[in-house]
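> The feature transmembrane segment is assigned by TrEMBL to 7-36, 69-92, 98-115, 127-152, 167-186, 193-210, 222-243.
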Amino acid sequence: MLIECYIFAVFILSSFLQTATGFGYAIITAPLLALVLEPKETVMITMLTGLMIRLMMMKTTQHEGSFKAISPLIIASILGAIPGAYCLSFMSVDLLKFFMGAILLLFTVLLWKNYRFPIHHHTLAKAIAGGISGFLATTTSINGPPIILYYLNAKAEENKNALRGNLTRYFLLINIASIILSYAMGTLKIEELWVTTLVSIPALVIGFYFGERFFHRINAEIFKKMALAIVFISSIVLIYKAVS
């Protein structure tokens with residue numbers, strides 16, 4: 001019962017962060033669930049529940065952002081997701097834990113420091129960010145950091161609402177593509193995950209409700225730092241469990 005309550009709380013927290021800031025669902029959900037569930041099960045549950053929260057967000061962001069603006073990222077992500085889905089099919093549990101922890105640790109440090117690098121060719125930068133994001137989507141479900149790093153460094157003109165709308169559209173489409181590819185590769189077994197997925201629905205709704213309520217009031221930077229601190233600790237634990 002304690003584990004179920006913990007999982008429920010994780011879904012509320014990650015849903016709140018996703019709704020309030022436009023990103024962060026997988027970066028919170030995956031490492032925290034991986035502490036109590038098998039890594040491959042964690043990846044699939046994060047994909048399925050991530051799809052649900054983004055479908056909810058599409059209703060509130062339907063007039064924000066556009067699919068055209070994210071089309072290069074989507075194309076590159078799908079190309080990256082294909083080899084990612086193949087890799088997940090043969091990765092061992094410990095290797096996946098280590099890979100997930102290392103990726104989280106790297107991107108947590110970069111996001112915490114608001115790492116900046118010059119972008120001279122935006123098309124190439126989108127292709128690289130999208131490709132890496134797609135690969136990570138089907139191997140770890142943590143596909144947000146490369147896209148966030150791109151937007152941080154691209155000096156994009158989108159306002160807060162448009163950026164949230166574009167991110168919602170991007171993550172929704174890559175979520176769908178990742179689920180289809182994972183099912184085709186045999187790594188997604190819905191019959192083994194449906195109970196946890198159903199239990200997540202009320203938690204996602206609670207997090208979504210409060211995320212919408214606090215979207216215009218929350219200090220996103222402070223909340224992001226708090227969330228990244230949690231992720232940092234989780235990534236260290238994952239790496240330790242993988243090598244011990």
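Each Cβ is built from the backbone N, Cα and C atoms, and glycine gets one as well.
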> Restricting to CB pairs under 8 Å, which listed stretch, 69-92, 98-115, 127-152, 193-210, is in contact most with the transmembrane segment (167-186)?
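It is 69-92 that shares the most Cβ pairs under 8 Å with the transmembrane segment (167-186).
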> Can you work out whether the transmembrane segment (98-115) touches the transmembrane segment (193-210), with the criterion being 3+ CB pairs under 8 Å where the paired residues are 6 or more apart along the chain?
no
> Which residues of the chain, 6 or more past the ends of the transmembrane segment (193-210), have a CB below 8 A from one of its CBs?
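Distant Cβ neighbours of the transmembrane segment (193-210) are 4, 7-19, 41, 44-45, 48-49, 52-53, 56-57.
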> Pairs of Cβ atoms less than 8 Å apart decide it: which stretch in 7-36, 127-152, 222-243 has the most with the transmembrane segment (69-92)?
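Checked against 7-36, 127-152, 222-243; highest Cβ contact count belongs to 127-152.
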> Under 8 Å between C-beta atoms and at least six residues away from its ends: which parts of the chain pack against the transmembrane segment (222-243)?
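For the transmembrane segment (222-243), the far contacts come to 13, 17, 20-21, 24, 27-28, 31-32, 34-35, 94-95, 97-98, 100-102, 104-105, 108-109, 111-112.
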